[in-house]
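Taken verbatim from TrEMBL:
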| type | residues | note |
| --- | --- | --- |
| TRANSMEM | 51-74 | transmembrane segment |
| DOMAIN | 107-154 | domain 'Late embryogenesis abundant protein LEA-2 subgroup' |
| TRANSMEM | 255-277 | transmembrane segment |
| DOMAIN | 309-412 | domain 'Late embryogenesis abundant protein LEA-2 subgroup' |
| TRANSMEM | 464-486 | transmembrane segment |
| DOMAIN | 518-621 | domain 'Late embryogenesis abundant protein LEA-2 subgroup' |
Amino acid sequence: MAEKQGLNGAYYGPSVPPPRKAYHRPGRGSGGGCGCCGCLFGCLCNCIFSLIFKLVFTVIILVGIAALIFWFLVRPNNLKFYVTDASLTQFNLTTDNTLQYNLDLNLTVRNPNKRIGLYYDTFQVNGYYEGQRFNTQNLTPFYQGHKNTTELSTVFDGQQLLVLGLVRFLTIILRRVMGTIALMCSSILSLELRWAGSRLGTSNPRSIVTYQFLRVQEKQNQPLNGAYYGPSVPPPRQAYHRPGRGRGCGCLGCLLRLIVSLIVIVGLAVLIFWLIFRPTNLKFYATEASLTQFNFTSNNTLQYNLALTITARNPNKKIGVYYDSIEVRAYYDDQRLNTKSLTPFYQGHKSTEVLNTELSGQQLVVLEAEELSEFNSEKTAGVYDIDVKLYLQLRLKVGKLKTWKLKPKVDCELRVPLSSNGNSATEKQNQPLNGAYYGPSVPPPRQAYHRPGRGRGCGCLGCLLRLIVSLIVIVGLAVLIFWLIFRPTNLKFYATEASLTQFNFTSNNTLQYNLALTITARNPNKKIGVYYDSIEVRAYYDDQRLDTKSLTPFYQGHKSTEVLNTEFSGQRLVVLEAEELSEFNSEKTAGVYDIDVKLYLQLRLKVGKLKTWKLKPKVDCELRVPLSSNGNSATGFESTKCDIDF
């Protein structure tokens with residue numbers, strides 16, 4: 001800092017104040033603190049309030065991120081409830097206002113979620129007439145799996161005192177009798193998430209919140225407004241702060257400001273784009289669907305003939321769409337029936353295109369007992385649940401520019417009645433486009449908020465980011481220390497022996513197999529033990545599961561090896577297409593078959609006297625097993641290393 005300079009000569013004019021010494025309280029940055037004259041109580045209150053505010057803001061952010069990640073992974077959908085049948089054999093109101101009733105009711109509960117199962121711990125059905133409850137039935141608790149439909153039935157029989165005028169009853173009984181049943185499902189749902197083998201869909205729009213930082217300019221040196229005679233008085237020396245040393249946020253603060261500046265610039269660019277073009281999602285409607293044939297034969301073959309009309313609407317005024325590829329697929333009970341490719345085309349602004357296609361033929365479909373029962377109920381009702389999915393590859397035309405290829409997916413869940421006379425059965429659907437389409441949604445820019453007394457610091461976001469980075473650094477150091485002490489290493493699994501004595505594919509699509517397998521599990525860690533709480537071994541051929549075996553749980557100590565033996569034998573209905581059947585025949589000729597064995601584990605690690613939570617890794621062994629016709633182990637099998645995925 002500049003030292004005070006004495007005047008070594010005459011000076012006439014206004015007095016020159018000495019340069020003001022810059023003062024910084026240690027550790028406070030540039031923000032306004034309690035002040036050197038502030039009371040201790042006020043400073044303590046201010047710090048407590050600031051800490052609470054940061055904590056609440058951090059919790060809100062973390063909960064929001066957790067909810068967003070959950071939604072991206074699980075994609076939950078609403079349950080669907082239907083009253084499929086209702087039979088009323090008695091409904092009389094006596095002179096003493098007693099309602100005598102006998103009602104048989106059939107309900108259908110549909111779980112459309114792919115990764116969520118439901119435990120219905122309480123299921124209560126109430127019957128109402130004119131807002132007055134006349135009966136209550138509690139149904140048996142049950143579990144409903146993924147993409148599953150459950151049929152329920154109940155009977156309301158008895159009498160109930162109602163306060164209802166007889167004249168009013170006689171005038172509206174015929175009109176209201178079928179619409180007086182309200183379904184009240186008071187359920188405590190336990191979510192079962194299926195992670196193994198799950199595929200994430202396209203990304204969805206994310207909100208971008210922009211923050212704005214204002215920096216207060218430092219007070220400039222003031223010139224002397226008066227005569228001055230004598231030696232020159234140097235101006236006060238400007239305080240210099242090295243990055244990260246003084247009142248700024250430091251290197252981390254500069255980096256954070258750079259990142260926030262980039263976010264603000266990108267957000268403004270997206271906002272300007274949105275204000276100019278106002279992009280809107282495309283809209284798809286299944287306007288007509290005609291099902292003239294839908295028969296399931298005794299040899300597991302489904303014969304079908306479905307004519308479909310889909311309307312594609314582009315509501316944008318300044319954006320055109322190039323449809324480079326359109327693939328239409330029909331599914332029944334999650335099994336694909338047919339695929340059609342439509343002609344590519346260009347769709348202009350605010351235009352509508354009609355897409356017609358016909359899906360007909362026959363397909364081998366495997367239906368379990370429950371699924372076959374559901375098919376028979378649909379056959380009785382004459383209405384079938386068919387899923388139609390459109391897999392698109394398209395580009396957007398904005399002015400003279402064209403975007404890169406986007407790959408959205410359109411999902412239409414149709415209920416198509418069977419038309420025996422060949423007439424179209426109209427079933428309107430309103431299907432939104434699933435997935436991100438025009439990039440992230442842009443909210444209006446958020447007004448920068450500065451708490452009083454914060455001065456020229458980074459503000460709330462800067463403090464939050466510093467807190468997050470501090471936590472990351474602390475966790476990183478903890479992980480580094482843990483690694484330096486224990487040096488953890490991945491478990492190793494090997495398929496050392498495999499004996500295949502039978503592998504025949506019969507004419508009725510049945511695969512007969514007999515596979516003996518030996519797997520070696522190696523724990524190479526010196527200071528970490530492993531509790532294997534659950535070991536499930538599954539055998540697959542051509543991505544179709546043959547059998548599942550559960551092995552005995554055990555504990556594996558440090559630097560030890562365990563040998564796991566299991567055997568798969570039996571027969572399984574396997575659906576092979578023409579190409580897959582040709583591949584099977586080539587493997588049969590060579591005498592070596594490609595079989596996948598997967599281990600689904602639930603294990604805990606033991607570090608000293610501590611045990612971790614349950615981990616659920618998956619081990620994948622891609623084997624080439626030769627057939628041994630004489631019953632001995634195939635000498636040609638080579639030991640195979642398996643991949644482990646946590």
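FYI, residue positions are counted from 1 along the chain as it appears here.
Positions of Cβ are set from backbone N, Cα and C atoms, glycine also.
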* By DSSP assignment, list the helix, strand and coil residue numbers for the domain 'Late embryogenesis abundant protein LEA-2 subgroup' (107-154), in that order. => 0 helix, 35 strand, 13 coil
* Structure fact -> Taking every residue in the domain 'Late embryogenesis abundant protein LEA-2 subgroup' (107-154), the average pLDDT works out to 88
* Which numbers of helix, strand and coil residues does DSSP report for the domain 'Late embryogenesis abundant protein LEA-2 subgroup' (309-412)? -> 13 helix, 68 strand, 23 coil
* For the domain 'Late embryogenesis abundant protein LEA-2 subgroup' (518-621), DSSP counts of helix, strand and coil? -> 13 helix, 68 strand, 23 coil
